[in-house]
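What follows is a single structure, written as structure tokens, with notes after it.
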Amino acid sequence: MSRQNEQKRVTVPAIKARKGNDPIVSLTAYSANSARIADPYCDFLLVGDSVGMVVHGFETTLPVTVDMMILHGQAVMRGSKHALVVVDMPFGSYEKSPEQAFSNASRILSETGCGAVKIEGGAEMAKTVHFLARRGIPVMGHVGLMPQSVNNFGGFKTQGLHQSDWPRIEGDASAIAEAGAFAIVLEGVVEPLAAKITRDLFIPTIGIGASNQCDGQILVMEDMLGFGAFVPKFVRRYGNLEEQMAEAIKHYASDVKTRSFPAEKETYSKPEE
Ligand code: KIV
């Protein structure tokens, strides 16, 4: 394909420039099909390490590997052409040193073609964010409820319920912004704190369970489409695809049992002449 005909994706600077403007729309995507469907409506698609829980059935995101993220990142890149694609760096792939983070992030960027990585963590990750950002790897931060630290938090707990915790969370967010992140996810953060961080930071905040005061929103696609029995407070269900899927599969099973599927029109009945 010539450069002239290349479809232009949303860029990292374009997302950064949306600070305080038109709200940024994003969803998670793990497959080519879901990426294709969400792509026209989203500014960025996140290949979240939530793939471990949503697709692979793990209890937490901790078992997810770089290879898994690359495989899903490649699928999402193939399925999309408009949205910026951001791929999560999984637990254990960046915490040891900025060099370890660079080696895994550069693999993710070069093997998937995605535009940025996301890493969880506050002030302790600032040096790593700076190291990556200065070496051509755009980084989205993620503070507040950080699912990779579920064992430290003692569960998936809302952050900022005690005002005494606010300075730490605000400090984490500003350290990551100062280090060079182009945007930051605020997860499970009470509204007044999310509003304060959004006001104070010069980069966009992307909320999930962090109120409409953020510069943008993200949801796990399967949550908003109606998969799974548990509906967190911050999720709005825009569909009930689990029920529709079960109904379709039940119908198929019944048609197979009664031999009404496949019918004549779904059958190659004549030998080729
Ligand atoms: O992994 C994920 O899906 C995420 C979102 C919840 C922001 O990090």
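Cβ atoms are placed via backbone N, Cα and C, with glycine included.
Given the structure is predicted, the values throughout are model-derived calculations rather than measurements.
As recorded in TrEMBL, the features of this protein are as follows:
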ACT_SITE  GLU187  active site, proton acceptor
BINDING   ASP49, SER50, ASP88, LYS118  3-methyl-2-oxobutanoate binding site
BINDING   ASP49, ASP88, GLU120  Mg(2+) binding site
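Features recorded in TrEMBL, as mapped to the structure shown.
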residue: ASP49; record: 3-methyl-2-oxobutanoate binding site; contacts (Cβ under 8 Å, 6+ apart): THR61, VAL64, MET69, ASP88, MET89, PRO90, PHE91, PRO147, GLN148
residue: SER50; record: 3-methyl-2-oxobutanoate binding site; contacts (Cβ under 8 Å, 6+ apart): THR28, THR61, PRO147, VAL220
residue: LYS118; record: 3-methyl-2-oxobutanoate binding site; contacts (Cβ under 8 Å, 6+ apart): LEU46, GLY48, VAL86, VAL87, ASP88, MET89, VAL139, MET140, GLY141, HIS142, VAL185
residue: GLU120; record: Mg(2+) binding site; contacts (Cβ under 8 Å, 6+ apart): HIS142, VAL143, MET146, PRO147, GLN148, SER149
residue: GLU187; record: active site, proton acceptor; contacts (Cβ under 8 Å, 6+ apart): HIS142, VAL143, GLY144, LEU145, MET146, PRO147, GLN159, GLY207, ILE208, GLY209, ALA210
Can you tell me the three-state DSSP label for GLU120 (Mg(2+) binding site)?
coil
Checking the spread of the 3-methyl-2-oxobutanoate site as listed (ASP49, SER50, ASP88, LYS118): what is the longest Cα-Cα distance, in whole Å?
12
